[in-house]
Amino acid sequence: MNNILSEEVLNVTDFTTSRQLTLWKREDLQSSQLDDVAEEVPVALVYNGISHVVMMASPKDLTHFAMGFSLSEGIIDSPREIYGMDVVPSCNGLEVQIDLSSRRFMGLKARRRALAGRTGCGVCGVEQLNDIGKPVQPLPFSQTFNLGNLDRALKHLNDFQPTSKLTGCTHAAAWVMPSGELAGGHEDVGRHVALDKLLGRRAMEGEEWRQGAALVSSRASYEMVQKSAMCGVEILFAVSAATTLAVEVAERCNLTLVGFCKPGRATIYTHPQRLIAD
């Protein structure tokens, strides 16, 4: 398998679509004009020929999404357990066909569940309340971050949201280096998918992305915390608030959770010992 999209797939993965819409302004009469609308398509993750999950997502960076989802959902422990990926068109959307190691595939089949794909829904299809939440090993305390460098990251987060600038419809997730520089980022109509894309990219980048923190443009739900912890991320910054369950999970797994990140301020919910305040 390879990671190169065919021409046919590239033709359907434009990130926006122009549509004729009706615009209303208080001072004007209604008028019709073209405007940009964010693309949202069903994306099936198919492991060794068996469809495991269908999620609604932006049709871009799908191999990163597949890698991040596989890691954050505990399907694999290492990128080496995926031997290859292909993105191919299907009748109603796209498929990421994943060549998974035999050992991991057996484990996946043993706990396979059907997820009904809704935009960025992290618990869709969970059959019982007891299935919510995965056991996460407590994180080490090997990272620190100077909060004085957070403003730099926030200033450039929009650089990784070109579709949001056109449509106002996407979330972003970016990797913040200790200096505050953004090493890279991804956007998607679903906040969980954007984070999975980032986590997959981080795993594939290797040692260069070991140090630092994740920054998301959305709120921090418990799924965002859990996905980060499953991938070894020790610090999660969110532009918006955190939920009570997110705080509980972060406390339990030793993740430093920070919300309401704005220039010159932030709310630290858990494990502030990783943060340096200059």
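Cβ from N, Cα, C; glycine included.
Owing to the predicted nature of the structure, the values given are computational and were not obtained by experimental measurement.
Annotated active site, cysteine persulfide intermediate per Swiss-Prot: CYS121, in sequence order.
Taken from Swiss-Prot, the feature Mo-bis(molybdopterin guanine dinucleotide) binding site covers PHE260, CYS261, LYS262, PRO263, GLY264, ARG265. For ARG265 (Mo-bis(molybdopterin guanine dinucleotide) binding site), no same-chain residue that is 6 or more apart in sequence has a Cβ closer than 8 Å to its Cβ. ARG265 (Mo-bis(molybdopterin guanine dinucleotide) binding site) falls within a strand segment according to DSSP.
Secondary structure from DSSP puts PHE260 (Mo-bis(molybdopterin guanine dinucleotide) binding site) in a beta strand.
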